[in-house]
2 protein chains.
Amino acid sequence: MLKLSTSDPGFAAAFDALVGARREADADVARDVRTIVAAVRDEGDAALAAYTQRFDGHDLNDTGWRIERADCLAAYQGLSEELRDALDLAATRIAAYHAKQIPEDRDETDASGVRFGARWRPVDAAGVYVPGGRAAYPSSVLMNALPAKAAGVERLVMVTPTPKGEINPLVLAAAHVAGVDEIWRVGGAQAIAALAYGTARIGAVDVVTGPGNAWVAEAKRQLYGVVGIDMVAGPSEIVVVADGDNDAQWIAADLLSQSEHDPTSQSILITDSATLATAVADAVDLMIGTLSTKAVARAAWDANGAIIVTATLDEAIPLVNALAPEHLELACDADVAQGLFDRVRHAGSVFLGRHTPEAVGDYVAGPNHVLPTGRRARFSSGLSVLDFMKRTSFIACDADALAAIGPAAVALAEAEGLPAHAKSVALRLTR
Amino acid sequence: MLKLSTSDPGFAAAFDALVGARREADADVARDVRTIVAAVRDEGDAALAAYTQRFDGHDLNDTGWRIERADCLAAYQGLSEELRDALDLAATRIAAYHAKQIPEDRDETDASGVRFGARWRPVDAAGVYVPGGRAAYPSSVLMNALPAKAAGVERLVMVTPTPKGEINPLVLAAAHVAGVDEIWRVGGAQAIAALAYGTARIGAVDVVTGPGNAWVAEAKRQLYGVVGIDMVAGPSEIVVVADGDNDAQWIAADLLSQSEHDPTSQSILITDSATLATAVADAVDLMIGTLSTKAVARAAWDANGAIIVTATLDEAIPLVNALAPEHLELACDADVAQGLFDRVRHAGSVFLGRHTPEAVGDYVAGPNHVLPTGRRARFSSGLSVLDFMKRTSFIACDADALAAIGPAAVALAEAEGLPAHAKSVALRLTR
């Protein structure tokens, strides 16, 4: 864990190094992924079966290619009532939040009589990738599938690897709650390629979202353009800005809630209280030992944790904007938090006040937990219904409207050396 | 030029081949681009100077790295009054259209007392790529720069190659009208890398948009994630749906206005009138010879032109949706055009009625002319202010609100095996 103070003489350089540190895997997976993608494109289901045998250790023709909706219902019914209620509450709130993201169409006619506007429509089909193993989270199913449903996507496909044939019932229950239409037991780059190109069994989709390992991320990057994708995600991260009136235990838990995700996760506390800084560092050390995730949390905190002491809380804001964090907690009184938030330019999602731990956003608050990482909040946004919709603009002129704006189009087309452009307008200006 | 009729026995297969035909360059540029990108990242301006010498044939240290705003003003003042007025009209209309795209922020508090919402902000800096040579269009400058300005981007950078030192005054005039802040005389993959990573001279930007050749497109693809990009664009395309009451000359000019862009451009007429089909084919052949762009237009029309005769106009719509064209003209009476438009699911921009040639959308109507190509209208949209903005979501709970939704978060976190997530909520539920 890195300790810094803005009053250190070397602070600027040390902070720049923290901002610039790359935590993303440098694995040279691009070539492997190209091979896999080409094989799935050319050989379809046969390639899927072969890669599944090789990477997941089971034969799809024995274990079955699909998971049926009845299996998802059974998984849901098999949960404790508490978990069912929690999933239902989460789904209801997430669906309600995203339903309000549907953009309004435009249809206007201006003073020249030119009618123009834009119309939003859902994509026909969307695919959600759900990892196997450590990161198989039902909350991710909800956060990816429900915006697609809210957008009005008619065919929602889930792909998920089932290593050695094992299925995660929580993921199936979440698929039931989210209304996923099809589930295929394939994962990795081969699953992304199947969704992008389609195979005999699996129909192609228009957009693929969802988290995955380096192979999955690279496949999405390579297939971007063949299919729409969400932003390629890197390791998770949180910045907690906290004044001295915080309970060190609460803040320690917040920091560790990122650290426990993955050894590459980053947690940074920025505080104007040296006392809190010390108390939180101590609380983290004690709390880690109590966690079932202690090995991961310890590795992440040691490698990527940081505590930065500032002279004032205001001094935290330029640091936050430079870090452009995925998650930002402003742990102070509500009015102070709001004042700080007003000056935040770059962050994926912000958690205001002392009673808003980031984890409520992971599960139940409503806004999406798929957020830009690795400083990408400078230019990109969390997942939304917009990722599952597209806009068609339109223009309509009658003869008078074309007479008003057409001559300028002719002049510009001629200046650009595009005579057919000019002619297509000029011919119509004569009547 | 391909002639098809939906009544042909082999129509379905021939149409599928048309839909599936790839017109995008298969040039193996990825390796070259990786080399260039790495050189610019590691050596900065020295690499830019070397590549500019090699590809553009001039020494930046002699010709100058920047084009000054005064040069842009002078270029604008040097235009004919007609062209100045045309540029001004275009800019005013494009700016007005895009200003209305700015999304509204959300800030709500629900029945549980949970406050949540989303806030949109512009990116800090955007870069616009403007090609040299054939595709150096002032209209592209306006269509890329004005949405960034409308979004509120404070630093708008243009990069453009000046082969052998030559500068296109129309492009500079458009940069003046659009309010571009900085112009650098660099192009190709090296310019994209400079914008993404920054160099000693050129500050990094957050988003890069604008058309370019295969090297530019590949550089954007490789740097996606380091920087935000617009959709990678392929060859231009138009589908014209026309009834028998059209003037064959008008429709021929519309088809050729795409064909004259590039030998890879595609123009398709779909009509329920065999008479119009023949008349348009003849008109195209005659008109091509009159164009200064005849070589390109002829190559494109021969290779990628198509005329499809249908039994009814309605029959055109499923064909349109399968093609998901960049541009779609519905050349029939206004009410008929509207009825067809209501059934169009996938198109970049639609031009309704007999007096709306696609070229008015290229220049002056207002909506953006940067549109998804190559069937990407299935999942992506034209350029807009949203490409230059990002959304930060936020959540605020007080103790009561957390009491209402927190227990569900604890249950889900425990089910996912994430104890620090659970703890960060549970600790706060005690008071």
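Note that Cβ sites are derived from N, Cα and C of the backbone, with glycine treated the same way.
Caution: TrEMBL annotation is automatic and unverified by curators.
Marked as active site, proton acceptor by TrEMBL: B:GLU326, B:HIS327. Residues or ranges marked as NAD(+) binding site in TrEMBL: B:TYR129, B:GLN190, B:ASN213. The annotation substrate binding site is assigned in TrEMBL to B:SER236, B:GLN258, B:HIS261, B:HIS327, B:ASP362, B:GLU416, B:HIS421. Under the heading Zn(2+) binding site, TrEMBL lists B:GLN258, B:HIS261, B:ASP362, B:HIS421.
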Checklist entry - By CA distance, which of the binding-site residues (B:SER236, B:HIS261, B:HIS421) lies nearest to B:GLU326 (active site, proton acceptor)? => result B:SER236
Item to check | Chain A neighbours, restricted to the recorded positions B:ASN213, B:HIS327, B:ASP362, B:HIS421, by C-beta under 8 angstroms | outcome: B:ASP362, B:HIS421
Checklist outcome for this item: Per DSSP (helix/strand/coil reduction), B:HIS327 (active site, proton acceptor) sits in strand
Checklist outcome for this item: Minimal Cβ count within 10 Å, across the recorded positions B:GLU326, B:ASP362, points to B:ASP362
Checklist entry - Three-state secondary structure of B:TYR129 (NAD(+) binding site) from DSSP? => result strand
Checklist entry - Ranking the binding-site residues B:GLN190, B:ASN213, B:SER236, B:GLN258 by other Cβ atoms within 10 Å, which is at the bottom? => result B:ASN213
Checklist outcome for this item: Least surrounded, by Cβ count within 10 Å, of the binding-site residues B:HIS261, B:HIS421 is B:HIS261
Next on the checklist: Tell me the Cα distance separating B:GLN190 (NAD(+) binding site) from B:GLN258 (substrate binding site), rounded to the nearest angstrom.
Outcome noted: 29
Checklist entry - Given the recorded positions B:HIS261, B:HIS327, B:ASP362, B:GLU416, B:HIS421, which one's Cα is the least distant from that of B:ASN213 (NAD(+) binding site)? => result B:HIS261
Checklist entry - binding-site residues B:SER236, B:HIS261, B:GLU416, B:HIS421: which have a Cα within 10 Å of B:HIS327 (active site, proton acceptor)? => result B:SER236
Item to check | Pairwise Cα distance maximum in Å, substrate-binding residues per record: B:SER236, B:GLN258, B:HIS261, B:HIS327, B:ASP362, B:GLU416, B:HIS421 | outcome: 56
Checklist entry - What does DSSP say about B:ASN213 (NAD(+) binding site): helix, strand or coil? => result coil
Next on the checklist: Can you give me the Cα-Cα distance between B:TYR129 (NAD(+) binding site) and B:GLU416 (substrate binding site) in Å, rounded to a whole number?
Outcome noted: 45
Checklist outcome for this item: Looking at the recorded positions B:TYR129, B:HIS327, B:GLU416, the one with the fewest other Cβ atoms inside 10 Å is B:GLU416
Item to check | Pairwise CA distance, B:SER236 (substrate binding site) versus B:GLN190 (NAD(+) binding site), rounded so that it is a whole Å | outcome: 24
Item to check | Cβ-based neighbourhood (8 Å from the centroid) of the NAD(+) site, residues B:TYR129, B:GLN190, B:ASN213 excluded | outcome: B:PRO131, B:VAL159, B:PRO161, B:GLY187, B:GLY188, B:ALA189, B:ALA191, B:ILE192, B:GLY212, B:TRP215, B:VAL216, B:ALA219
